[in-house]
Each structure stands twice: as C-alpha cells, then as structure tokens.
Amino acid sequence: AMGGNHTQPKFILLGITDTPWAQAPLFGLFLLIYIVTLAGNVGLMVLVWVAPSLHTPMYFFLAHFSLADVCYSTVISPRMLTDLLFGNKTISWAGCVTQFHLFALFVTAECHLLAAMAYDRHVAICHPLLYVTVASPRACWQLVAWSYLVASLSALVYTGCTFGGSFCGPRRVDHFFCDAIPVLRLACSDTRGSEAAIFALAAANGLGTGAVILLSYGRVLHAVLGMRSAPSRARAFRTCASHLASVSLFYGTLFFMYLQPASRHGSRDKVASVFYTVVSPMLNPFIYSLRNKEVKAALGKCRRRILNHC
C-alpha cells in the first residue's frame, strides 16, 4: 500500500478561500466560467464534426484541444464548486490520486497539442506546397496519439512521485485541488528526489513543447513579414498574435507553478492555478476560433440549416 494511507485515507482541501462571505460570489463566478467553458469547447467540437469546411488539420487539432480543455476543467471545476457550495473539504485518498493523475495527463497533453497546432501553422504558412503531404490525416492522428502517449507516461511518473511517499499528521492540502506541490508538503518522508523528478519531467515537457511553439511561430512571423499584400499580412499576424496570447497565459502560469523551487511556493500559487485550470480553458475556443472567417462561415451555414428544418 502507498505509505500510511490505510490509517487515515483522506485529505482535506483547504480550497480557494476560507472567507465565508467570498464563497457564494466565487461559486457564482466559477459556475458561470465552467458553463461557458463547456458550451464553448463542446460547441467548437460539434461544429468541427458537422461542418465539412472545417475538416482540415488545423481544426482537427483544435477539436482535440477543446476535448482536453473540457476534460481537465471537469477534473477540477465541479469538485471546486461543490466545495464552495457545501464547504465539504474532505477528499478520499483514491479521489485525490485520481484527480491529480487526470489533471496531469490532460495538462501535459495540452502542451503537446499546442506544439502540434503551432507546427501545423508553420507548415501551412511556410511550406504550403508540402502541406497536404506533411499534414495528412494519418500524420495528424499520429501527432494526437503521441501527445496522449507522452502525457500518459508523464502523468504516471508525476503521480508516483507525488503519492509514493508516506504521509502523516493532518493532511490539509492548501489548495483547491490535489496538486503535486501542496500534496508533497504533507509528506513525512524525504521528498527531494520526487521533487527533482517532477521538476525535470515538467521542464522537459514544458520547455520542449514551448521551444517547438516559439520556433514555429518565429518562422511564421518571419514568413508573414515577408508577405507582399498588407491585408493577408495583417490577417496572418492577428492569428499568430491571438494564439501566442493564449500560449503565453497557459505556459506563463504553468512555468510559474512548476519551474520554481518548492520553498518559494505561497498563496500566489492559487491565483496562478486559477488561470490555467479555469480561465484558460474558457478563453481558448474564443481565441482560436471566433476570429476565424471559416468558423464564422460554418456557424452561419449551420444556423441556416437549422432554421430551414424548423
């Protein structure tokens, strides 16, 4: 059995705030964000599925990215909402392990999917003649499969390192979900090895995918600045800018959380965590799709089709 978990198999999540008057407004805010997240991402997935004009590699990756957004906000938000509403802060050992494992899996998958999306844009804009062969349906499926394979293996390592030690005393997790850093603080065995392994793997995943994204968009921007027509230059520039804004928010808060020494972590962690667990999944469908002519056109077609059937 994992160390000492048979004596007191529960953790207590301290939550976002212990201020009683703040809990109802926060519940309302986070419920609204979660509903918008589900509506935006599920809506985008359905649209990509039903609109033939969106059956392209870019939207294929976007649909998988939206799926990952739905999954990991569902791993975090409903639990956080019930805690805010009912104040029931206890979570079972298995619940804590499962929540962290799924969270780690989907966040890591998102990093690799973002890299695939950036690479896709790079090939489309810098090597348009090669695009059909490079971004074949088979290649796209392989990239998605690779993202989830790496994420699954990484999540196993993260979870093993986080929960492999022995825990004693009050298991009060100073966070709104079971995350590696606040859980490791509660271990009574030496966690330096675990922390080093998590840090190294998080750095490899984060910096590796981050490098692919920066290089891809760097090449794209270089190609864009060399375009002759001002409107197409502006359009490509806008697309890149909005993607980079989303990437910066996601990676900035992730790096802040996982690439700093454990001793530096404090109350600001919860604020940073809210950004990549709650805010980022809500914004992504809007950033990646609503400014696109293709998505707007597909939405218009669907609306007309529905109205004609009514």
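Residue numbers in this text run from 1 along the chain shown.
Just so you know, glycine gets a Cβ as well, placed from its N, Cα and C.
Automated prediction, rather than curation, is the source of TrEMBL annotations.
If you look up TrEMBL, you'll see 26-51 (among others) marked as transmembrane segment.
According to TrEMBL, the feature domain 'G-protein coupled receptors family 1 profile' maps to 40-288. On the 0 to 100 pLDDT scale, the model's mean across the domain 'G-protein coupled receptors family 1 profile' (40-288) is 88.
Remote same-chain residues near the transmembrane segment (58-80) are listed as 13, 15-16, 30, 33-34, 37-38, 40-42, 44-45, 48-49, 91, 99, 102-103, 106-107, 109-110, 113-114, 116-117, 120-121, 124, 137, 140, 143-144, 147, 176-177, 277-278, 280-282, 284-285, 288-289, 294 (criterion: CB distance under 8 Å, separation of at least six residues from the stretch ends). The transmembrane segment annotation in TrEMBL covers 58-80 (among others).
Listed by sequence, the residues of this chain that lie at least six past the ends of the transmembrane segment (100-119) yet keep a Cβ under 8 A from its Cβ atoms are 58, 61-62, 64-65, 68-69, 71-72, 75-76, 143-144, 146-148, 150-152, 154-156, 158-159, 162-163, 177-180, 183, 205-206, 208-210, 212-213, 216-217, 243, 247, 250-251, 254, 276-277. Look at TrEMBL and you will find 100-119 (among others) tagged as transmembrane segment.
Look at TrEMBL and you will find 139-158 (among others) tagged as transmembrane segment.
The transmembrane segment annotation in TrEMBL covers 196-215 (among others).
According to TrEMBL, the feature transmembrane segment maps to 236-259 (among others).
Residues or ranges marked as transmembrane segment in TrEMBL: 271-290 (among others). Residues 16, 30, 33-34, 36-37, 40-41, 43-44, 62, 65-66, 69-70, 72-73, 76-77, 103, 107, 175-177, 179, 242-243, 245-246, 249-250, 253-254, 256-257, 296 of the same chain lie 6+ residues outside the transmembrane segment (271-290) yet bring a C-beta within less than 8 angstroms of a C-beta in it.
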Quiz item: What residues in the same chain, six or more past the boundaries of the transmembrane segment (196-215), come closer than 8 Å to it by Cβ-Cβ distance?
Solution: 108, 111-112, 114-115, 118-119, 122, 150, 154, 157-158, 161-162, 180, 247, 251, 254-255, 258-259
Practice problem: Go through the chain and flag residues at least 6 beyond the ends of the transmembrane segment (26-51) whose CB is under 8 A from any CB in it; none is fine as an answer. | Solution: 16-17, 59-60, 62-63, 66-67, 69-70, 73-74, 77-78, 80-81, 84-85, 278-279, 281-282, 284-286, 288-289, 295, 298-299, 301-302
Quiz prompt | Sequence-remote partners of the transmembrane segment (236-259) [C-beta within less than 8 Å, at least six residues beyond its ends] | solution = 107, 110-111, 114, 117-118, 121, 125, 179-181, 198-199, 202-203, 206, 210, 213, 217, 220-221, 224, 227, 269, 272-273, 275-276, 279-280, 283-284, 287-288, 291-292
